[in-house]
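Engineer: Quick one: this structure, given as structure tokens, is what I'll be asking you about.
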Amino acid sequence: MDPHLPENIYCVSRPIYSNPAFEEDNERRVRGGRTLRERLSGYCGCSSRKAMQVLKGVIPVLDWLSKYPIRDSLLSDVISGVSTGLVCCLQGLAYALLVSVPPVYGLYSAFFPILTYFFLGTSRHISVGPFPVTCLMIGSVVLTLTPDDSFLLPLNGSSANETGVDLEAQEAQRIIVASTMTVLIGLFQVAMGLLQVGFLVRYLSDPLVGGFTTAAAFHVLISQIRIILSVPTNNHNGFFSIAYVLIDVFNHIDQTNMADLVAGLLTIVFVMAVKEINTRFQHKLLMPIPIEVIVTMVGAGISYAVDLDCRYGASIVKSIPRGFSPPQIPDAALFWGMLGSSFSTAVVGYAVAVSVAKVYAAKYDYTIDGNQELVAFGVSNVFTGCFSGFAASTALSRTAVQESTGGRSQVAGVVSAAMVMIVIAALGHLLEPLQKSVLAAIIVANLRGMFAQVAAVLALWRQSRADCLIWIVTCLASIVLGLDVGLLVGLLFEMGTVVIRTQYPACPALGNIPGTDIYRNMKDYKNVAEVPGVKIFKCSSPIYFANIDYFKDQLKAVVGFDPVRVFRKRSQALRKIHKLIKKGKLRAVENGTVATVSQGLDNQGFEDDMTLGRLEVDFRVDWASELPGKLAVPKVHIHSLVLDFSAVSFLDVVAVKSIKLVIKEFLRVGVNVYIAGCDDEIIRSLEALAFFDEVVTKDLLFLSVHDAVLFIRLETYNRSLQHANGNGITVMQENKEPLPFAEEEDLIEAYDNEHEAMHGLSS
């Protein structure tokens with residue numbers, strides 16, 4: 001459509017609205033707030049319908065299972081569950097290496113969480129079970145609390161100075177530590193879910209999570225290198241742990257087991273190649289090729305046939321006991337030493353799971369309940385920890401398998417749990433010859449997606465440098481300082497960027513596009529014109545104690561002068577003029593350039609801060625005119641100031657007090673101040689914080705910047721008519737001798753230089 005056609009033009013005819021005038025014409029709706037008693041009765045009241053709603057909210061399976069379409073979904077869920085179950089078994093065995101516990105406990109961790117999530121979860125598609133990042137975080141605590149030094153025993157038949165590590169006792173203690181931490185993680189998640197604080201995970205932004213998971217992938221890679229090489233290393237955790245592990249690996253590189261190395265490298269190559277095929281030809285394949293299952297079966301078969309353990313010294317799984325371990329009570333004495341790590345692991349595991357769940361919920365058009373997800377994962381982890389498992393989350397690769405093979409509900413999860421149970425009960429011994437390097441290689445191959453996030457850093461830098469810095473700082477801190485400390489550093493840095501961006505907001509001077517009610521930043525558009533005699537100042541963020549000083553500095557820069565300094569300069573000049581009039585060197589002449597009005601507005605708090613006393617004069621000079629002698633007072637080139645608060649979302653007490661004082665400072669030097677675009681919540685805040693008084697009234701509030709500008713133009717026109725018909729007085733020099741101002745000439749020059757600098761900055 002041609003933009004010059006009348007259809008593209010709209011005209012509005014309405015009064016100029018200040019906020020009081022608008023409220024006179026439009027009655028405000030009175031909000032009827034409920035009393036505490038009414039709220040309590042609403043929450044505590046009970047009926048059969050409400051009880052059923054609450055029960056379905058707490059146990060979502062009661063809601064969706066009765067609606068489950070058996071004919072349409074059961075077969076696809078069973079097929080998906082079988083495929084996903086095989087992947088769960090292998091990933092459970094592999095991720096147990098990250099936790100530093102025997103592989104069978106990875107199978108427990110792949111079984112128990114699925115059962116509880118089936119009843120309590122709200123996502124239909126995620127595959128619940130071990131996740132490498134949370135496994136590594138648990139493993140770091142396990143290594144810290146079970147060092148080799150705590151399990152030393154004297155060697156039989158050796159001297160008293162030779163000792164060895166009691167591996168059985170150490171292994172048993174590591175299982176206790178991992179399961180205890182899992183229970184504590186679950187308790188944290190249940191508590192957060194019951195307190196409805198699922199929103200806290202929103203503070204983990206995508207750049208922060210991306211940097212953290214990339215660093216975690218790096219930690220996982222380094223931890224698995226020693227298993228693939230099968231070299232002896234010490235257990236390291238905390239600051240610079242990656243460097244220490246690499247040093248140990250290179251110091252013992254000559255002890256590399258070639259059978260494990262070859263098996264690991266071949267597994268990485270085959271798994272990554274087939275995964276690439278699955279990705280590129282996903283639309284042509286009926287289901288993804290289960291390459292992990294294939295390499296595991298082939299690897300176990302070759303290891304058994306060749307007897308790699310005995311002939312080549314390969315490190316194998318060795319023992320996978322049948323059945324489940326009996327439930328055990330966690331060791332509460334260990335809680336204190338793992339509080340911080342457990343909380344961070346609980347948050348990370350929940351954040352990853354909810355992120356994946358939201359992706360599939362959006363794809364299939366349903367919603368998830370974040371707080372209920374906290375409860376579901378919390379109960380799952382408590383239940384799993386009591387059966388010697390470790391914490392569950394979800395993995396994008398495993399969830400992708402479940403979804404791509406036709407999984408439509410958590411029925412697929414139950415089928416996958418059944419597959420894991422079959423392996424635990426009957427088929428586990430078939431995996432005993434499997435090399436650990438094959439499991440480690442499967443872990444490394446599945447890190448590809450996490451490392452792929454590095455490629456997005458350059459694009460993120462072009463989009464938002466602050467977000468890119470969050471990614472980089474979180475990643476580097478997590479690599480160097482460890483995952484727990486790195487996550488904390490990243491979170492603090494993220495909060496710091498938010499504070500800095502609100503502490504130093506954009507505060508532009510606005511101008512008007514001629515013939516419209518549009519106001520834009522004068523630096524961004526060529527055809528934007530400044531309203532004569534008016535400065536329009538916009539703040540694009542909340543105003544609070546941290547940025548109020550910056551707000552005032554930017555305001556002074558935009559208007560080109562400091563109203564306090566101008567007022568003091570004028571006060572000095574008035575004193576001198578008053579003295580010279582008494583001495584007869586100056587006289588008042590009626591020519592309309594000086595008005596016989598009072599000194600100005602009064603503010604006791606402001607006057608107490610002034611170094612000058614109050615002036616006993618009965619006239620006010622027209623400061624825009626030329627002053628006699630060498631009196632130098634900074635010129636004020638505006639008569640009105642408009643503060644655009646349309647982007648201000650809240651004000652605190654400090655900001656309100658400071659803005660009120662700023663308005664009075666400008667009023668003293670003859671500049672009227674107006675506030676435009678305030679939201680109703682901002683107006684209510686101003687009323688509650690005693691912003692309005694006899695001087696600062698509601699009449700300075702306007703609905704929009706254009707309303708304020710039109711009002712200023714009308715007032716300026718009316719004032720010019722009054723001045724044309726009125727009389728005034730000015731001061732004239734009686735003789736041509738120099739006036740005695742030389743002693744303050746340097747001070748005046750300094751003030752003038754500063755004033756010109758401020759005006760130049762404004763221009």
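Cβ atoms are placed via backbone N, Cα and C, with glycine included.
Caution: TrEMBL annotation is automatic and unverified by curators.
Take a look at what TrEMBL says about it:
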- 104-121: transmembrane segment (TRANSMEM)
- 128-146: transmembrane segment (TRANSMEM)
- 175-201: transmembrane segment (TRANSMEM)
- 208-229: transmembrane segment (TRANSMEM)
- 258-274: transmembrane segment (TRANSMEM)
- 286-306: transmembrane segment (TRANSMEM)
- 333-353: transmembrane segment (TRANSMEM)
- 411-431: transmembrane segment (TRANSMEM)
- 437-461: transmembrane segment (TRANSMEM)
- 468-493: transmembrane segment (TRANSMEM)
- 524-712: domain 'STAS' (DOMAIN)
Engineer: Out of 104-121, 208-229, 411-431, which stretch touches the transmembrane segment (258-274) the most, going by CB pairs under 8 Å?
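Structural biologist: Most Cβ pairs under 8 Å with the transmembrane segment (258-274) come from 208-229.
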Engineer: Could you tell me what the rest of the chain brings near the transmembrane segment (175-201), counting residues at least six beyond its ends with Cβ under 8 Å?
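Structural biologist: For the transmembrane segment (175-201), the far contacts come to 99-102, 105, 138-139, 141-142, 145-146, 328, 330-332, 334-335, 338-339, 341-343, 345-347, 349-351, 354, 370-391.
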Engineer: Averaging the per-residue pLDDT over the domain 'STAS' (524-712), what integer do you get?
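Structural biologist: Mean per-residue confidence for the domain 'STAS' (524-712): 81 out of 100.
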Engineer: Take the C-beta pairs under 8 A between the transmembrane segment (128-146) and each of 104-121, 208-229, 333-353, 411-431. Which stretch has the highest count?
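Structural biologist: By the under-8 Å Cβ criterion, the transmembrane segment (128-146) pairs most with 333-353.
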Engineer: Sort out for me which stretch, of 208-229, 333-353, 468-493, has the most Cβ pairs below 8 angstroms to the transmembrane segment (437-461).
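Structural biologist: When the Cβ pairs under 8 Å are tallied, 208-229 comes out ahead.
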Engineer: Would you say the transmembrane segment (104-121) and the transmembrane segment (411-431) are touching, if the rule is that at least three C-beta pairs must lie under 8 angstroms and be 6 or more residues apart?
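Structural biologist: Stretch pair touches.
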Engineer: With CB pairs under 8 Å as the measure, which of the listed stretches 104-121, 333-353, 468-493 comes out on top against the transmembrane segment (208-229)?
Structural biologist: 468-493
